[in-house]
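Colleague: According to TrEMBL, the feature transmembrane segment maps to 15-34, 54-73, 85-108, 129-153, 219-238, 259-284, 319-344, 365-384, 390-414, 421-441, 489-510.
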Amino acid sequence: MAASPVIGSFVAADYAVFALMLLVSAAIGVYYAIVGRGQSSSREFLMGGQSMTAVPVALSLTASFMSAITVLATPAEVYRYGASYGLFSLSYVLVVVVSSEVFLPVFYRLGITSTYEYLEIRFNRATRLLGTVMFIVQTILYTGIVIYAPALALNQVTGMDLWGAVISTGVVCTFYCTMGGLKAVVWTDVFQVGIMVAVDCHVDYRCKRVGEDLPLRRHTFWTITFGGTFVWTSIYGINQAQVQRYISCKSMTHAKMSLYINLLGLWVIMLCSVFAGLCLYSVYKHCDPWTAGMVSAPDQLMPYMVMDILRDYPGLPGLFVAAAYSGTLSTVSSSVNALAAVTIEDLIKPYIHMSEKHLSWTSKGLSFLYGALCIGMAGIASLMGSLLQAAISIFGIIGGPLLGLFSLGILCPYANATGGLAGLLSGLVMSLWVGIGAQFYPPLPEQSRPLGLTTHAVNHICNIITVGCHYVCLPCRPFLADNWYSLSYLYFSPIGTLTTLAVGLLVSLLSGTLPQMVALLHTILHVVSN
């Protein structure tokens, strides 16, 4: 891929602002490493000693998955396909209610560190191990996207060094995770979510040309509210990185409050991101930098606009970069801390006896190891296409079947271990089938319905005359390509969840409940006949 032209470059003030953000984040880790020096248990390191209160945990929950993908990719999604993406605000309500009233009470009362401990309690060890491995794979893949994507976008638009940004971000994040544990992660998230919201609001304010175009075209109401609810429930309801935060609260009341306060944070960030996308469309709809070749990917549009409209304000482009990387740091730190927790609880403790001191040091070592691994995995992200779709697809393909398994265990008392394992494998196969198929046979443009974008305007940025883009119909597409593989990526999660539930219930019925019922009926008939 050819490098796109650089519209601007960082000045000393921009680098200073970006470096200050990294320095403050690292300082928080050092502070909690010093304060918590006397607390040497792995549970204190991974769970904050269950002493956290609702507000910082709520902000951490918001920051954990509102990453650079939100700052960069959501505005690009709105720019290309319309503001219907904002309907996710409705699905967030359902997600928070289900997570706080169905999943949270179970995990909190059990007093577990890893959510996958529940799977062994409810089903068996094999199911727990499979769930743990699926979570580790999902999290490392997703974290690779989160680290690489903003570095690539900002490198090609601002000239900021690509691998310098990747490595510096990863090193700082790994440092404060390893030094300070969960408390450092939570309080750093509080600092970083403040930066993200402040910068989003400022960019929206500076872009005053939004007016007449509020398009709603790509996603349907049902794909977003129905499919989006499944995707985000798999994150907030059962994902280790989120569950680990709200069960670190000092009481269940604080844990539930953190989820409901977090809902307000999600709404604010969604509103800012959608409005930023509308700003992009208002400014560039007749002078599309992507069609004109000024950027090489839609995910670079937001930094492109920032460098365009804020280049005369030294330090403000640096503040935007700090916001994007704040999102990256918050997500990566959450992931690293969660990966260390499940590895300790699910893969080490059941098989190797260690003292609490050794477990604490092992937790820190694992945080360092996973941080390095996630930096290394960042290169794979370049093969995944659209950032937003890739991220949600990963959570749908792997998180959907896991959500189905936890739902089966909690909501269906007669589900057994055989049914749970069969359901999980079936759901994973189905979601992998549709997800991989969609990569080979992406939907045709008439199915995704992008907005009309042109380059006929002539100004200081765009000086070529072409109109729109031309799509080429690919011949010999198999029947499934325009049906099964063209399902919205938001449906990957419901497919995995519902398949897991259906197969799990059926197999449980056939392998356990039904034979017991037949035996009971036979006994009753025998007693009656005598």
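Note that Cβ sites are derived from N, Cα and C of the backbone, with glycine treated the same way.
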Colleague: State the residues, same chain only, that lie 6 or more residues beyond the ends of the transmembrane segment (85-108) and have a CB under 8 A from a CB inside it; answer 'none' if no residue qualifies.
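Modeller: Sequence-distant neighbours of the transmembrane segment (85-108): 74, 77-78, 115, 118, 218-219, 221, 224-226, 228-229, 232-233, 235-238, 243, 246-247, 252, 255-256, 259-260, 262-263, 266-267, 270-271, 274, 277, 406, 410-411.
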Colleague: Taking the transmembrane segment (259-284) as reference, which of 54-73, 219-238, 390-414 has the most Cβ pairs under 8 angstroms?
Modeller: 54-73
Colleague: Restricting to CB pairs under 8 Å, which listed stretch, 219-238, 421-441, 489-510, is in contact most with the transmembrane segment (129-153)?
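Modeller: Comparing 219-238, 421-441, 489-510 against the transmembrane segment (129-153), the winner is 421-441.
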